[in-house]
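These features come from TrEMBL:
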type     : residues : note
TRANSMEM : 12-32    : transmembrane segment
TRANSMEM : 334-353  : transmembrane segment
TRANSMEM : 360-380  : transmembrane segment
TRANSMEM : 386-405  : transmembrane segment
TRANSMEM : 426-447  : transmembrane segment
TRANSMEM : 459-481  : transmembrane segment
TRANSMEM : 520-539  : transmembrane segment
TRANSMEM : 843-866  : transmembrane segment
TRANSMEM : 873-895  : transmembrane segment
TRANSMEM : 901-924  : transmembrane segment
TRANSMEM : 948-968  : transmembrane segment
TRANSMEM : 980-1002 : transmembrane segment
């Protein structure tokens, strides 16, 4: 079929070259502006609402705060899920919206709803923190501050003040989270004996300080010519003046603050510790915004830290962990794979064509296609990440595909035409339909990708559209640039021998036999398809292949009630065990790890140890083997639960149960957990079921308390201030230098850490006197939950496990599905997948939809181009023939059917139809010229066998550096390249035989059905 654009370009070469020169300039500029990240940004709109109520138990917070927040926000539109976590003194609710939701508008609506119910929270609740979760789940950089001449308090303030101020000004940083350290406070620790003697309460002293120790505006005086402000200056100027401050005690009595207890310039009681190789440190983790470039953020951070170091020569910063290093290694590895693949593809062209001019013309399509693609990637908001770079690496061989077909056809015409110009004019447009069809088929496969939702869809989009855009540019180059360069650069052929005669004769004999025994060949083809299905059932499944990044995260959990010191002791023991291992470089422990989304302090009985290993080439064990061996060693530590977390901060296998019935939920979860422990695929099985811990419950004696005018709220305030101090926002403050230091009033340690002494605390009565707390309340020890999880306004328990040894996620999930407790869930209990299990299910669902839709679009494109239904079916017969090779390649290489393999399958669907298009187009052209059917098939097959083989070998060569797996990121790249190469080999070998055979069958069918359709429809001719 003739499409005259190539002839036009040959006659007017300046116009297309100027257009592509402009595209190259824009592409180069875009390349340097594209952000560089490890993976595509997975932008899920999430808003977090956190409320802190110091000292409150999870059960009370659930009823009085969390349930009210969930009810208030439930009416906001486009909410996908509500999930809440309640721990001591903290309620944290995450609101996940549907993809595409305007997060700023949603944030405004959520804020309005929380403001409306704020008054219903307990009086001790701090102001709700409402924020959009715009940061990555994990920090990209972690540093510790080395300041031997500074105290821990001074080092902590340096991080809070100067480090955070400098770093938060950098574009792309979402938040900085200090790890370890302390905060400076003026501690007023009241003496119980003196308080008894004066007959006053801790609440009274705290309130009087708030009213006295401050400076306050008091008005203004206007004279005839001057205006003077009035200020009351009651705030002390230092700790000594604060200690000597007179506190009114009522009834005309006063006492100096230091006469009521000790006044010290100190620090808060730490709820978190950070240690690097056992040494106490102050660390800080840096989180980027989801749209920022990791490499740019790291560069700017290092520049800012160097500036701080210059102005503060007594300090130094030590980098503990960096996800950016892996991103940079992966980026450079993928870039070299692309360059090597392009060179190999060009070498293949030279081996077949034996002409450096023809090789140059074919190879120039790669930069002319890839560089403009960067410009489109920038417009689409993509980044240079492992997925998009992998797309370019794999597509390098495909880009020369169209140019090879063009050049081979031109050179074939040059055997009869003396002039390359004349040969280019005749040949380029002759092959136009086939070249257009092969490109549009690839584009059609990836169009459905643009409409895929969910997390998996955000991976598919960047890969699919990058491939599609680059392929479109390669089509434009093949149509506008390649014929022009051939016409003006190629030299006439002189006595060129036919180097492909031998194998072409053998192929012709094989094809002739296949056409003669075509029914047998059809049976063989069916066997290949069914064999592919059988191979697929043997492949293990996974969401993402594990990558050895020389880093690991160990979660440590102690029994409820364990304090910070106990947790620190256990972590110290574990750290010693780690440092004795030859694989371990550093161990950075955070005892009392905070919530990464809210910065709110975590439970002191938990810890996280970030382990940095020596480079992979320097150790015998990979990360997985190291973790398995460590788990066996850690199992000997009593009453401690340890587990390694994946890159998302969770275990490999996670799923949740929800119910409105907490007792039934707990019973069901316990039964499932017991059954899961018997599965060989799993280790470290655990659940988030609330663990009971001892609580001191104080119950007011209603009659006695009412007579004295003592309310429950007064009792709670007295206890909170005596044991913890007032809320942070309510604390009195003293300005020392340029800092405002909070003044925390509480009872001394002998009282607040002694449950027996709590009863002697004084509580104010209605008439201004005080009585011991024990006279108006009863004390008892009960059990309460350490934490409560909720999901979509129901109680939730999550079951978790690590994979045992080399077990795969898909096998583990299948084993879990077969458990009796899972198969017979009681009514009222629901199960849903989370983490990688949820993503695995979503991946196969999305892939199925994308593949079916893509195949239908490919069929529609072929019908429009060939203007018939029968021949597109012939072309698409090559699709199922490729699956077996892809699956077999995965099986031989011991790979899993994971996200990269699935993306490779999708890519394969787009490129294997190329062979069928070239064959069928040539057969149709030969029959138009009057050849009989079998003669046309033989002639067309011999004519197109060489370009088919050339393009296939070029594509395989282009992908070989990726499949060989050299450099960082190979765990993701290798399965994809393996899938495509395996499918290409089998589809090419089989389609050269089976496509002609199927063509004959369908042509016979068309000949048989056409007269019947004519009679049925009453027409003379059917196109």
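Using the three backbone atoms N, Cα and C, a Cβ is placed for every residue, glycine included.
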(request) May I ask for the residues of the chain that lie six or more residues beyond the transmembrane segment (334-353) and have a Cβ under 8 Å from a Cβ within it? (result) 359, 362-363, 366, 370, 386, 389-390, 392-394, 396-397, 400, 404, 407-408, 411, 946, 949-950, 953-955, 957-962, 966-967, 969, 973
(message) What residues elsewhere in the chain lie close to the transmembrane segment (360-380), defined as a C-beta under 8 angstroms and at least 6 residues from its ends?
(response) 20, 23-24, 26-31, 33-34, 338, 342, 345-346, 349, 353, 388, 392, 396, 399-400, 402-404, 407, 465-466, 469-471, 473-474, 477-478, 481-482, 485-486, 489-490
(message) Please identify the stretch among 12-32, 386-405, 459-481, 520-539, 948-968 with the greatest number of Cβ pairs below 8 Å relative to the transmembrane segment (873-895).
(response) 520-539
(message) So if I exclude everything within five residues of the ends of the transmembrane segment (948-968), which remaining residues of that chain have a CB under 8 angstroms from its CBs? That is, six or more out.
(response) 326, 329-330, 332-334, 336-337, 340-342, 344-345, 347-349, 352-353, 390, 393-398, 400-401, 404-405, 408, 911, 914-915, 918-919, 974, 976-978, 980-981, 984-985, 988, 992
(request) Kindly say whether the transmembrane segment (459-481) and the transmembrane segment (520-539) touch, using the definition of 3 or more Cβ pairs under 8 Å where each pair is 6 or more positions apart. (result) no
(request) Sort out the residues at least 6 away from either end of the transmembrane segment (520-539), same chain, that have Cβ-Cβ distances under 8 Å to it, and list them. (result) 514, 877, 880-881, 883-884, 887-888, 890-891, 896-897, 986, 990, 993-994, 997-998, 1001
